[in-house]
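The feature GTP binding site is assigned by Swiss-Prot to 103-110, 167-171, 221-224, with sequence analysis given as support. The domain 'tr-type G' annotation in Swiss-Prot covers 94-276. Annotated transit peptide per Swiss-Prot: 1-29, in sequence order.
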Amino acid sequence: MRVGCCLLLKPIRQRLCTASISSRHIMRWCATSSSNINSTETAAKMPDDDVSGSLSAPSLLKYKIEPSTATMGAPRPPHDDDRAFCTLASFPPSHIRNFAVVAHVDHGKTTLSDAILRRTGVLSGSQVGTYTDRLLVERERGITIKAQTCSIFVVRDGEEFLLNLIDTPGHVDFQYEVSRSLSASDAALLLVDAAQGIEAQTMAHFHMALDRGLTILPVLTKMDAVLSDAPVDRALQDLEDSTGLLRREVLFTSAKEQVGIEALLHAIIERVPPPTGLLGLSDLQQLPPLLPGSAERAAMEEKMVPLRALLFDSWTSECGGGLRRPAPRGGEKVNSGNDNDSNLICLVRIIDGTLTAKTVVTFYQSQRRCEALEVGIIHPELRPTAALTAGMVGYVVFSRVRGEEFFVGETLYTLPTRKFAREDIVPVPGFRRVQPVVFAGFYPDEGEYITQLREAVEKLRVNEPAVTMEPLDCPALGSGLQLGFLGMLHMQVFQERLLAEFGQRVLVTPPLVQYKYREAGSDEEEPLKPLTVHTWKWIHEGAACYLEPYVTATIITRREHFQAIDSEALRRFRGEQLDMRVLDDARVLVRYKMPLADLARGFFAVVKSLSHGYASLDYGDPVYEEADLVKVDVLVQKSRISALSVICPRSEAPSIGKRIVSSLKSNLTRTAVDIPLQAMVGSKIVARETVKAYRKDVTAKIHAGDISRKQKKWNDQKKGKERMARRTVGAVTLDQSILAAAMGAISL
C-alpha cells in the first residue's frame, strides 16, 4: 500500500534494528577505497584532519567509517567454477542473509548493488554498466523496472555466509515489485541520497518494510557528491525526525568511489537477522527401516519437514531480461534438457524444507502439481545447484505452465509426510495482489493479427503479473485487448517491452481509470459495479449514481517551486490542498486530494517540469466518491466511433469533445461531400466541426447572362451532393494515424 502521506505521522521512536553494532563502525566516514572485500587487510584509520583519499571534499571527513576488525576472505565457491555450484551443500539458516535495497528514484540503488557485486567478486572490474538493469527499456530510460536478485558468497573470519541481494525499482508505478521483494527478504537497506535527503518514495518504502516487521538499515549514498556537511546533517536529521532511526545506525557509502562497501557488508552480516526456517527432506515419502522409538528414527522424523516456498517472480526465456545460463568454457557442449524457451522459471524464497530437481510441488491456490526440472541460484546468471534449502533464494524451472494456473505470490509446497498433514500447510502471509488503476485498449498495428498480440501479451504477463487482460472488439479498430496497469509509466514500459522483445507494434487508446456505479435500488453494502465506455449506463437506464477514484498525492519540493505547482494543481487538475508543512529551509511537503484521472493525465510530468526535476510525488490507494460523470461519444458522418468514447466530468465534456473533433478535422482528408464531426453527451451535441467538401466551379464557363443561369447550376450541384451523401453514409475510413491523433487530444 502506498503511504506517501505518512510523513505527517509522529516520529517512530524505537530501535528498529535488533542487532547492535559499534557506533564508531557506523558513524565514521572513510575517505579511502584501498581495501577490498576479498582482501584480508583492512584500511588504516585516517586522522580527522587528513584530507587525502579519493574524495575531494575535505568537509566530508567529519563522517568516517572505521573498518571492522573482522576480516573477509575470498568467496567460495568461485564464481567461475560450475562444478562447485552443482555440488553446493546446504547453508545453515544462521549463515544466510536476505535483504532488499529500497530507495527513492535515482538515489543509487542499482549503482550500490553493482558496487557490492564487484567488491565481492561476483562481477569483474572489466564489466561496465549497471548489471542489474537487464532489460533494454531499463538501459534506455536509465531506471530500474524489474527487481533483480543475486546470491553472494562471503567468507568472514573463516565462516562462509550466503547473502541474497534484491535490487528494487524506485518509481511509484512499480511498488508491486518492491512489495514482492520485501516479502522475500528479512531486512531492507533504506538508501537516502546524502544531497537530496528524504523523499516521498523513501517514506513509502520505509513504512512498507516496517509493516512487514523487517530490520531496516539506513544508508546515506552518493557521499562523494556532497560539498559540505550541511546536506549530510540535514539528511541525518530528516531520518531521525521522519523514521525514528538513530544517527548511530546510519551507514555511509559512495558506490561510485567503491568506499564504505566493506563496512556495509559487515553490517549486513551482523545486523540482518538470519531466516527462521526448518531444514527438511521435502521429497522423502517413507522412513528408513529404523526401530520404532529409537533416537535415529526420532531425528529422521524431525527432518521430515514439507517444503513451503514463496513464489515472488517468474519469467520465460523469451522475456527474462537477458538472464541466461552462462556459456560453457573450453568449447564444451552442455545440454541440460531444461533450456526450452517455453519452460517457466520461478524465483522462490524457501521458507521451510528442501527443494531439489524432480521434486513434485503443488501450487497452493490452483492445486496444480508440477515437477521441478531444475533448481539453482543466480550468481549472477542461472547456476544449477543440488538443492535449495530453508532460507535460500533461488530459481526453479517447471515445464510450461499456463498463466491462469498460477500467480506471483503463490505458496509452493510438497505432499504431506507422515508427520505433517495437508491442513498443516499454511500459505506464506504478508503478500497480496494489487488492483490496476489505469486501463487502456491495445490494438494490433495495421496488417497484424490479434492472435500474435495476444500470445505476446500472455508471455509478457508471466513477467508482469500486475497487468490484467480482457478481450475488446471495436468496429473501427477490430479486435484488441483491454489491459490494466499500475500507472502511466507502467503502461508505457509494457508497450515498449512488447516492441523490443516481441516486435509487436500496437495502437494504444487513451488511458482511463476505473470508474464505478451503483445500481438503482441496491443497498449500500452491495459491491459497486465497474463502469467503462462499453458498460456505460445512464441514470434512466438503471444507474443510481457514479463514483470516481480520488487519491491523496504527497509532493516534496523546493519552496521556490511551491506556488507554481500549487497553482497548476488547483487550476488544471482539480486538486484540493489538504495541508502543507515546511520540512526545512529549502523544502516543503504538500498534500492534495485529486482525482486519479487527472493524476494519470500528466500531473507528475507537470510537477517535474515546474520543479526542474527536484520534486517527488507519491500517492496512496484510491478512494471512490460520488461524481457527476457523463460519456462523450464521437460521431463521424453520423456513425459512432467507439474507440474515441470517453468518460469525464460533465463540466469538461464540451472542451474534451471540442479537442477531439478539431483533431479529426485537421487530419481527415476532404472528399466530394461534407463530413460532419460531432461530440455528443446522450442526445445533446456539445461540439461540432465539418470537413468541407471539394467544390467544382460549375459556373466557370458562364461569363454573361442572367443570374438565374448560375443559380440553376448551383442548385443542380447541391442536389447531386445530397444524393452522393446518401449513398456514402458511413463510408469514411479512419486510419490508425488519424485515430491516434484524436486519442492524443483526449489526454491533453
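Any Cβ shown, glycine's included, is placed from N, Cα and C.
What Swiss-Prot annotates, mapped onto the structure for a quick look.
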residue: Ala103; record: GTP binding site; Cβ within 10 Å: 27
residue: Asp106; record: GTP binding site; Cβ within 10 Å: 19
residue: Lys109; record: GTP binding site; Cβ within 10 Å: 26
residue: Thr168; record: GTP binding site; Cβ within 10 Å: 29
residue: His171; record: GTP binding site; Cβ within 10 Å: 22
residue: Met223; record: GTP binding site; Cβ within 10 Å: 25
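DSSP assigns Ala103 (GTP binding site) to a strand segment in the three-state reduction. Secondary structure from DSSP puts His171 (GTP binding site) in coil.
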